[in-house]
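Working notes, beginning with the structure itself.
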């Protein structure tokens, strides 16, 4: 007999009491900390967004300011760097590409300016090479001590022409201006060549002053040794002045590789500007003294012509004429130097001391005008000096000096000998040939 099935007992369910957490406040504390960290991160995000908006607004304002009207334009260069206006660039090399800035697109006016400078480059090299070859190959030009200074001037102008393409590279939208060494080399080449050219111009003025005022003692005062010493001193002084910006510059704070950005204001205001003004004033005084002395000599000559024969009058006119030609040559050189360089110095000084901000076109025009002075000197020589004109023709026709002299008429040879003796200050007796 089967045992009776056990009855299933059901026990009433009692609601379970909630188990207490062994660390009841840990989750709450962590939640509060998480909430506070969320608040802080949210605050950081708001601050970050605000800084980004302010940064973008500053960049937009800087770009709009640099590309605005000419009256309020800040950057007169062709490739402005807007971010350079916001913080100074340190020793690390920073390029516009790394900062996400695209360089300015070259327009038609920019290419026109480059074409003008390319023409100046050809004229400077061609004209000064002709001058150098003429002095070195022509015996009459080589024998005149004064032409040694003209040769030095041609070499310095030739160096200006060689430095011009390197200078133009910085306006082609490349990143070479962000590197220290190429930027400082740019200023060294230009300053050295231009400084030597200025010093040679004042040397030519002093040489002409001695030849006119102390004509009888010229060969005693101005020997070849003295001339070479003056020329070497000019080149050493020019190199020394050009080396100063290598150690005295504002490169860490510069925004671009430009004259008023890299060069120190003390260097410009204490070395470059006073040097230009002193040379300009000295040249004016020397040429005024030369013109005054030449006027006195012409007056004495007119008084003595009454009591002279026709032969003596011809000889004196031959001796006096080359001096006037030399004076006119250096006066034209000085005038061209003043008209070419003075506008550029005025614009550079005005920008340096924040007197005014010129547009890109004005700055480039004044610079091209200053460089054009190196192309004008050979033209002045060939226009005013018959000896250089014949030497240029001889060089272009690939003729020797002997062949060129054989084709000259007798009167031209006679005038060339008179010019050589007069330019050296040695008044030797010249007997004109009797007419047949």
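Glycine is no exception: its Cβ is also placed from the backbone N, Cα and C atoms.
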Looking at 27-50, 75-98, 267-290, I want to know which stretch TrEMBL calls transmembrane segment. 267-290
For TrEMBL, the entry transmembrane segment belongs, out of 55-74, 295-314, to 55-74
Should the transmembrane segment (147-172) and the transmembrane segment (329-355) be scored as in contact, given a threshold of at least 3 Cβ pairs under 8 Å and pairs 6 or more apart? no
Best-packed against the transmembrane segment (226-247), counting Cβ pairs under 8 Å over 111-135, 184-206, 267-290, 329-355, 361-381, is stretch 184-206
When you look at the transmembrane segment (184-206) alongside the transmembrane segment (329-355), do they share 3+ Cβ pairs under 8 Å, ignoring any pair fewer than 6 residues apart in sequence? yes
Segment-level pLDDT (mean, integer) for the domain 'G-protein coupled receptors family 1 profile' (127-381): 83
